[in-house]
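Over in Swiss-Prot, the protein carries these features:
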type	residues	note
BINDING	Cys541, Cys550	[4Fe-4S] cluster binding site
BINDING	His637	chlorophyll a B1 binding site
BINDING	Met645, Tyr653	chlorophyll a B3 binding site
BINDING	Trp654	phylloquinone binding site
DOMAIN	745-868	domain 'OmpA-like'
REGION	1-717	region 'Photosystem I P700 chlorophyll a apoprotein A2'
REGION	829-861	region 'Disordered'
TRANSMEM	46-69	transmembrane segment
TRANSMEM	135-158	transmembrane segment
TRANSMEM	175-199	transmembrane segment
TRANSMEM	261-279	transmembrane segment
TRANSMEM	316-339	transmembrane segment
TRANSMEM	355-381	transmembrane segment
TRANSMEM	403-425	transmembrane segment
TRANSMEM	499-517	transmembrane segment
TRANSMEM	557-578	transmembrane segment
TRANSMEM	626-648	transmembrane segment
TRANSMEM	690-710	transmembrane segment
Amino acid sequence: MATRFPKFSQDLAQDPTTRRIWYGIATAHDFESHDGMTEESLYQKLFATHFGHLAIIFLWSSGNLFHIAWQGNFEQWVSNPTGVVPIAHAIWDPHFGKGAVEAFTPEGGAGPVNAAYSGLYYLYYTLGMRFNSDLYQGSIFLMVLATVFLIAGWLHLQPRFRPSLAWFKNAESRLNHHLSALFGVSSLAFAGHMIHVAIPAARGQRVDWSNFLNTLPHPAGLAPFFTGNWGVYADPQAGPPILTFIGGLNPATGTLWLTDIAHHHLAIAVIFIIAGHMYRTNFGIGHSIKEILDAHKGPLTGEGHRGLYDTINNSLHFQLGLALASLGVVTSLVAQHTYALPAYFYMPQDHTTMAALYTHHQYIAGFLMVGAFAHGAIFFVRDYDPKANENNVLARMLEHKEALISHLSWVSLFLGFHTLGLYVHNDVMLAFGRPEDQLLIEPVFAQFVQVQSGKIIEGIPALFGGPGVTAPGEFLTGWLGSVNANNSPIFLPIGPGDFLVHHAIALGLHTTTLILVKGALDARGSKLMPDKKDFGFAFPCDGPGRGGTCDISAWDAFYLAVFWMLNTIGWVTFYWHWKWISIWGDNVAQFNASSTYLMGWLRDYLWANSAPLIGGYSPSGGTNALSVWAWMFLFGHLVWATGFMFLIAWRGYWQELIETLVWAHERTPLANLVRWKDKPVAMSIVQGRLVGLAHFTIGYILTYAAFLIASTAALYPNGPAAFTPAISAEQAKGVLSEFKAKPVPGGVMLLLPENIVFDFDKSSVKLDADPALNRVVGVIQFYGSEPVEILGHTDSLGEDAYNQKLSEERASAVKAFFEKKGIEAERLTAKGYGETKPVAPNAKPDGSDNPDGRQQNRRVEILIKTEVVPVS
């Protein structure tokens, strides 16, 4: 006889209604509530799932490696990392028509592909991989490892290999293992890989299994390591540096120094391996965590930390809450470090990938943090023992929870009214034609902190640190240069717009925290319902008969906090994205001017950057490489809006809807073959909220993901069929004005100064010239099929023949760039004039050199042969 779902609850399995399905899904992972579950079997099952989880991670990583090696273009990309678009995998989709196949097929490609925005190419390259064979080997290794871990998970569920409860409760041994083995040894292994493989690869030396054992990374061997003389490894006189303490970013790559990264991981390894031997285990030596906690009593803390050892050690929810909070903070830091201190070669030049990774990690951090508070609330309901925690810090926190909640409430109200008040005031001033009367507040405290960390800002003193204050030699040699370099990502220039959005984000963070803290601290009881813990609050939330009980459980706080968390992460990512596309596009002035009022955010960030999504596909315009994101943008809105149907409509509506749907289904021929035996009942309020929250969340993130990737890829094309959106006449006028365009006989002439496009005396287009040239591409596309001449010019220094050749090569390089962006080759002509057509004197009247004049003469001119010149 088949066992009805759910097997873990006989009560639910015998329920004759559809509640059986919904409650079964809702409690599938609530192992504590399952039939026959003991504390020991609970720990054993969770332990086994860890192996399964790791196996899935290894399998996922293996699949990434395998598909890039099989269907990607890794070796081609390695040969030109800034010029070749990385490919994630091929697309085999029977729904694709001719237009889609062409749009997603790169030039010279065999078929449609997906561009990679994951950053994996940059990771693999930085790790020292250079060939597809390296990727295949890594994939096979991880596949084997996944298999081993699956077997290990199964093995630890067998009676002979199940660890005992005492083994799980041995906190000191577990901590030693985590510190030494997991953190320490894994950091040591990574440092070893960096030193033996990645650093030599960056220097052009290949180290693989064939020469790994006989290729020394440093002539001094291990003697300096074990004698503590690590400085030898940084000394260029002693050999190629492998461990350094330079600081900042390598100016040649814009990323962290690999030798600094190796040093960091080796130091972490040593510290953690030592730390993992501090606690008392089998040998009776070392620290006892319980003794430390019991002895730790600070002022005004009552019994201090007495009782916390057993409270934490006996509560999986407490442990999970701590782990989720820690991981949430780390994940948000990863997002910040990805752009401020990037580690992977060439990734800072891939703007779409940088935007995707930042946003991805901030959203994950948000969910982890909300989860931390959710499990904190469950701890208070299920695991908290008031007698074991009398007058300790945990009990005292519960006793003064009203002070915590009221202070958070005050901070949230203050931030909300003042921040919104400033924004609205500025909107009113602009709407009434008085922009000069905006309230613009400089973030002087933040700028002061930047200066104390080494940044030089005129007018702000370095009182506690920085050049001239910190003792010579205390700053890392590379740090000051990196912090103060042009377009340094470490400390961005900030102004009134940053000040306002910073406080808007602070509002979101404090309000989210208020809801979560109140939900957790009130989980056992509140003024309204002091004995709340005695009522269970299972999923139905149809109440134990008291009014309002559906809105005061910890679950409801979690539910409401998710909306605020999403708002907050939305503001964070909006801010990051707009700030960075203005920096990449050398258009910081627009951000500074428009970010101080709400209409500026709506118009100049959201609406202006929606163009590639709104015009993503049409009967007349056809399909392009961003069409799928335009479709996803629409679909995300649909999912998000569906959420409101669940969130606003209540029980009576659901009862009618579900019964109507079931009645209709039961009268179809197919449904009569397999009769639906469960009696339909409406969802509970909580279930309706859960479904609504899921739709709202997924739609919200999907909509912004599509917007983020398509808008960034359109500005900085990094797709197999680069798409630059058509621009309006007004936008074309702005670009023409930016490049000092002027009407000339036969058309309009744009001026590209040398310093925007080329390095001095070079003919290859600079990496950071993309944004400027992309705007020119938009203007060329605006003019449809009009022919374009690209004219190169130099100054008079050097031989005539050399200058002629340089001017021709520069014109050809710009022509090649335009072709790569989709401008038809037959429209483009490249010509070089050398020094023959100066626009300013190369020498002053007295015969001396005229550097300003020579700089004006080193230029590329774009002549669009048209009669329509939208220049004011």
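Keep in mind that glycine also has a Cβ here, set from the backbone N, Cα and C atoms.
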Number of other Cβ atoms within 10 Å of the Cβ of His637 (chlorophyll a B1 binding site) across all protein chains: 15
Residue numbers, six or more beyond the limits of the transmembrane segment (261-279), whose CB comes under 8 Å of its CB atoms: 172-173, 175-181, 183-185, 187-188, 190-191, 194-195, 198-199, 230, 234, 242-245, 286-289, 343
C-beta crowding around Met645 (chlorophyll a B3 binding site), within 10 angstroms: 14
Rounded Cα separation (Å) that holds between the residue listed as 'chlorophyll a B1 binding site' and Met645 (chlorophyll a B3 binding site): 13
Cβ-Cβ under 8 Å with the region 'Disordered' (829-861): same-chain residues at least 6 beyond its ends: 749-755, 757, 787-797, 800, 803-812, 814-815
Residue distribution over DSSP helix, strand and coil in the region 'Disordered' (829-861): 7 helix, 9 strand, 17 coil
The domain 'OmpA-like' (745-868), counted residue by residue under DSSP: helix, strand, coil: 51 helix, 28 strand, 45 coil
